[in-house]
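Reading through the structure tokens given below for one structure.
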Amino acid sequence: MKRKSQIPLFCLVLSAMVWTSPAWAEDSDERITGRVETALLLSPVLSGRSIDVAVEDGSVMLTGNIGSNLERDLALAVAASMPGVSEVEESLDLQQGETGTEAAQNAQLRQSSFNEWQQAHIAAQLRQDFEESPVLDGENITFVLDGDHLTLEGSVETELERMVATQLSQRLEAVAVVDNRLEVEEEPTATEPVEMPADTED
């Protein structure tokens, strides 16, 4: 079965998985493919699955095998959280007939999978909010979620951008604490020309 996921549908930041780009529309399909593949490999739940990634004009197609519908949703969320991705479709096959050992292993991973899935949803939403903000330039902002504690790191050009980043982060229901470590870049100050004293005749 083929399913499609649009980024605006996500309402829940991929933990320890941070990518930044000032112009997502200019990202090549090859770069987007690499980001999604890396994110899937770094996922403790999905790293053992065989998932292929194809990208065309920012649209991601996932194919391969997964072990549960939760893994399917997680793969979609992880892909959608990557910069440059406009939409995500999937044609992932659900493997059936688990052995007792496999079922026990999947049960142990279920909570971990859900947590990672939720964090990926938060990443997608926060990146979308940063991109749509008329004030904030998120080019140099990175973020990491640990439970319900969100840390913002990097730099912005103005104090206003720093404040907006905090406000957008605090709007997320899954985030209880925002630790804003963003540094405001030193804005260039206009220096008045120094007038040299006129030559005086002796």
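The first residue you see is number 1, and the count goes up from there.
Cβ coordinates are placed from backbone N, Cα and C, and glycine is handled just like the others.
Annotated features, as they stand in TrEMBL:
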SIGNAL    1-25  signal peptide
DOMAIN    28-96  domain 'BON'
DOMAIN    118-186  domain 'BON'
REGION    183-202  region 'Disordered'
Rounded mean pLDDT within the domain 'BON' (28-96) lands at 89
Take the domain 'BON' (118-186) and count its residues per DSSP category (helix H/G/I, strand E/B, coil), listing them in that order. 30 helix, 20 strand, 19 coil
